[in-house]
Every structure is written in structure tokens, then in C-alpha cells.
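For reference, the structure discussed in these notes is given below.
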Amino acid sequence: MNNNRVESLDYLRGLMALSVVIYHYTSWSLSSGSSVDVIGSQYLLGKLGIYAVSIFYILSGISLAYIYDGKITSTRHVAAFAVKRAFRIFPLFWIAVTGMIIFSWLLATVNSQDFDFPYYKAFLNYSLLFGFIDPTAYLSTGAWSIGNELVFYSILCLTYFISSIYKLVFPTVVVLSIATGVYFSFYGMDSSLPLSEQWSTYINPFNQLFLFMCGAAIGKYAPKINVSKSTLLFIIFLSSLSFILYPVHGDKINLVSGINRILISVLCVLFSFSLYKINPSYDNFLTNALGKLGEISYSIYLMHPIVAIPVIFIAKKIRCLHKLWIHCVVYLCNICWFHYLLSG
């Protein structure tokens, strides 16, 4: 581990960020850039388009528990946690929001359309309060998950603070979050309607909280659990294979409702737990590349929709939209590498 980081989590975080990019760019290429719902739920990429973000939440919970478990016991610790999280999240998010607003204005101008500045949404995004007030008010593709993260951070911080006095608070919050997730799976989401019509329900922070809290539970309790390396490898293999082969068809609502939501989420939790426990550490080109990818995963995730806007516009003009994802990946890698060099 370097700089208090769990290397295996960086590997997985980077791969999930890349899978989201490939999912979005492939979808936009296939649908002339207007939709992200053209890749069926039966395909691996279709599953990753949904569950890569779920794994992000699990990894986030593990990472924060790994760092902060038992260390938030006073208001001073709460303030330090809030400041550190803000410096981690806000700067790049502000850049992404500003970029999205500027590009939206430019596109409206080029197409001779009126542009109404989204004052209220801009306020919610620059303050990152949209996750608490209106999770649907995000301005950039995928940014809803960052709003959710801020809600999760607040809940975890408060949970740790109260847990310093009442020890049962943490497991209680974990159990309640799971119960809430089950409720959303069977009663909040209607499997007879497409996911697009229930998007506001799906991105509700309390529909996603159980993933983050399961991750936090892994970070807290996993070090105390002894499991053989062979067993962990078997769980990694079995959960991966089950995820790939899990029989789901039709609209993506079938991935996030009913028993499918529960079982696929369990597979993601088991995989993350096993990878965290085994924590393979190697020093070679592949692992170094994966590690760097994990370190810039936040940049990749936030910037890829911004990169896509001008590329889609140009691709439409020269009629080569079928090659869109190739151009986007190239430009995105350059931007993220530049950001990494500046931040390093």
C-alpha cells in the first residue's frame, strides 16, 4: 500500500471508471449521441453501465472506513473530515459544471437557439446540495452519483460521531440501509415500467445508500475476518462469472428491481470484499497502469461527458459518429493525464 491506499481498490475503481466511459461513448455512438439506453441489460457492458457506479459506492465506503473508522469522535474530527472531503470533491466538480454550462451555451448559440441560464440548478451544483435537495438537478451526465456521495459522507460522518458514544449505531445504520434498499427494490421500483420513467426514484440517495454502507461495513469488519486466500480467489472467480452470466433481458429496470437487484448487488459486495481482503500487490506495467487509472478515476468519471460534447458536435458535422467513442477515449485520456500531471 502506498500513501494509505489499498492498491486492489484502486485497480477496481479505475476499471469501473473506464467501463462507464466505454458504456456511455458506445451508447452515444450507437444512438447518435442522444441516449444511453441502447445497450441491452443482457450484455456485460449493459450491466456495467448500471453496476459500475454501484461498485464505486462500495469502494468508497470501504476506503472511508479504512481511513476513518474509530477516528471521528469529536466536532473537530467532523470538521476535518468535511474539509478534506470538500477539497477532494469540489474543485474538479466545479470545473465539470462550468464546462457543461459553457458548452451548452455554445451549442445553443451555434444552433441559433435560446439559452436559459439554469440559475437554480447551477446553485445546487456549485454548492453540491442537489443530492440533498433534488437529486435530479445535476447538470453533467453521471454527476448524480457525486451528489449521492455527499449525502453518504454526511451520514457516515454522523454515524461515526454518534458511534463513539453508542456502539450499536453503526450496525443499526447498516441494517436500516439494507432494509431501505430492499424496500426500493420491491416497492419503490416498478418492474413493469422502463427505468427511464423511474430515474428520479433510482437515483434517490436512499436507494443507493446500502451499497455505500455495505462497503463501510467491509472496511470496518473485514480485517477481523479470517478467510483463506484460496477461498477468496474462489469467491472472486464465482462472483465475476455469476455477474457476467446472470440472466437478465429487456429494459434496464430488470437490473435494478426485485430479486435481481438484491442478487447482483450481493455479487458486487462479495467481489469487493474478496478483492479488498486479498489485496494483490505487484510491481509491473499492468498493475502500475491500473493503479494510475484508479488514482485519476474521479477525473475520468467527471470529465468524459464534457469531452463528448464537442466531439459529438464535430462528429455529426463530418458524419463519422460511428467512430465517436474512439475519438472521445483518446481526448479523455489526454485530458485526464494532463490533470493528473498538474495534481501530482
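Placed from the backbone N, Cα and C atoms, the Cβ positions cover glycine too.
The transmembrane segment annotation in TrEMBL falls on one of the ranges 12-28, 199-215, namely 12-28. For the transmembrane segment (296-315), the partner stretch with the most Cβ pairs below 8 Å, chosen from 48-68, 89-107, 146-162, 168-187, 230-248, is 89-107. Of the Cβ pairs linking the transmembrane segment (230-248) with the transmembrane segment (255-276) and spaced 6 or more residues apart, 3 or more are under 8 Å, so the two regions touch.
For the transmembrane segment (168-187), the partner stretch with the most Cβ pairs below 8 Å, chosen from 12-28, 48-68, 89-107, 146-162, 255-276, is 255-276. If you count C-beta pairs under 8 angstroms between the transmembrane segment (146-162) and each of 12-28, 48-68, 89-107, 255-276, the highest count goes to 48-68.
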